[in-house]
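Engineer: Take a look at this one; I'll ask things after.
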Amino acid sequence: MGKEKVHINIVVIGHVDSGKSTTTGHLIYKLGGIDKRVIERFEKEAAEMNKRSFKYAWVLDKLKAERERGITIDIALWKFETNKYYCTVIDAPGHRDFIKNMITGTSQADCAVLIIDPTTGGFEAGISKDGQTREHALLAFTLGVKQMICCCNKMDATTPKYSKARYDEIVKEVSSYLKKVGYNPEKIAFVPISGFEGDNMIERSTNLDWYKGPTLLDALDQINEPKRPSDKPLRLPLQDVYKIGGIGTVPVGRVETGTIKPGMVVTFGPSGLTTEVKSVEMHHESLLEALPGDNVGFNVKNVSVKDLKRGYVASNSKDDPAKGAASFTSQVIIMNHPGQIGNGYAPVLDCHTSHIAVKFAELLTKIDRRSGKELEKEPKFLKNGDAGMVKMLPTKPMVVETFAEYPPLGRFAVRVMRQTVAVGVIKAVEKKDPTGAKVTKAAAKKGAK
């Protein structure tokens with residue numbers, strides 16, 4: 001058997017009616033793990049409801065409805081295969097929590113597929129000041145999604161159909177915008193497609209014979225293989241802590257960076273509690289080592305369940321152990337906030353698995369969110385659409401890191417009433433040593449060896 005294909009995560013972005021669902025549905029339909037029987041059922045229902053426009057979006061609508069109703073659908077439905085990769089669509093932006101998910105990063109996307117609607121009016125709506133094309137592209141870049149594929153969709157609906165002139169015009173406009181955001185347009189494939197008719201999705205289309213570049217499938221194969229951060233020091237934010245009879249205390253979480261293995265002495269930030277890892281398990285199987293992306297449970301010695309909680313971060317005690325933050329400086333973008341944000345604002349921050357109120361202690365600068373240039377020092381307030389550097393103070397002990405060193409622990413969302421009002425990236429952290437940190441006997445013994 002050959003080497004298993006590499007897994008990559010894709011996020012599909014773009015304006016409301018650009019055809020994201022149809023395009024994603026088409027890929028999953030043609031290349032994915034959807035059972036043919038399920039497809040037939042959907043097709044029959046679509047015909048009964050007279051949804052002639054069914055094609056592929058219907059597949060996705062059904063999956064979404066089932067997902068939102070809490071029916072656990074087989075996640076294989078969101079996967080498809082290319083020659084080189086197993087691709088998972090980690091989120092499609094119709095989803096309510098799309099922006100939060102992108103930031104708190106249940107999984108970090110390796111590539112963004114930006115879908116553009118080139119029809120007259122459609123394109124202008126997407127790229128206008130309020131259009132989501134801009135916001136999504138900016139978010140993707142700010143959150144470290146380095147690679148992008150741009151699909152000029154609905155080529156079957158341009159005037160005239162499959163218009164090269166319209167495609168050229170779109171490429172020019174979108175390139176200049178993406179350049180302002182921070183992407184290098186020369187490294188982006190601009191693929192003219194029809195998610196509905198299937199042109200250039202998987203096979204070359206004779207309707208687009210003027211286009212000589214890759215199909216969408218080829219472009220996905222040309223993504224650079226992502227480097228997984230297993231060589232960095234360990235960071236494992238806890239999602240839960242269980243007490244399991246006969247075993248003891250078992251913290252659970254996802255390895256974000258580094259590796260964890262039995263026998264390692266770990267320090268939990270922010271409390272500084274240090275102990276030895278007895279065993280590491282994933283899907284009820286013991287592991288000799290867990291890598292980034294693995295969701296694991298691990299058993300720790302001489303530790304009570306009360307000593308650990310969600311939001312704590314496990315780290316290697318001998319390799320840059322995690323500590324609490326006294327304060328940190330972030331670049332924040334205000335998104336859906338109705339009022340003004342000034343010094344003293346204290347919302348709840350979602351950063352990795354922690355959910356803690358943080359005070360905006362000082363607004364340091366206001367910056368141009370497109371270019372990053374400073375516009376004003378010590379602004380009185382920030383409002384919708386503004387970006388700025390802010391010094392923040394956690395109201396309770398919490399672990400954060402700079403985005404540059406540990407990306408998953410360096411980005412956050414500010415949410416009020418289930419609405420994301422701001423997103424941020426952490427630029428600097430002032431750490432503090434814990435007071436009275438407990439070192440278990442097992443850890444002390446290990447350290448003395």
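Cβ coordinates are placed from backbone N, Cα and C, and glycine is handled just like the others.
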Engineer: Have a look at 35-38, 43-46, 91-94, 223-226 and point to the one annotated region 'G3' in Swiss-Prot.
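Structural biologist: Result: 91-94 is the stretch Swiss-Prot calls region 'G3'.
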Engineer: Tell me which range among 153-156, 321-324, 417-420 Swiss-Prot lists as region 'G4'.
Structural biologist: 153-156
Engineer: If you check Swiss-Prot, which stretch out of 70-74, 300-304, 405-409 is marked region 'G2'?
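Structural biologist: Going through 70-74, 300-304, 405-409 one by one, Swiss-Prot flags 70-74 as region 'G2'.
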Engineer: DSSP on the region 'G4' (153-156): how many residues come out helix, how many strand, how many coil?
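Structural biologist: Counts, helix then strand then coil: 2 helix, 0 strand, 2 coil.
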Engineer: Write out the long-range same-chain contacts of Glu362 (5-glutamyl glycerylphosphorylethanolamine), meaning residues 6 or more apart in sequence whose Cβ is under 8 Å from its Cβ.
Structural biologist: Asn343, Glu378, Val390, Lys391
Engineer: Return the residues near Glu289 (5-glutamyl glycerylphosphorylethanolamine), defined as same-chain residues 6+ apart in sequence whose C-beta is under 8 angstroms from its C-beta, sorted by sequence, else 'none'.
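Structural biologist: Listed in sequence order: Thr259, Ile260, Lys261, Val280.
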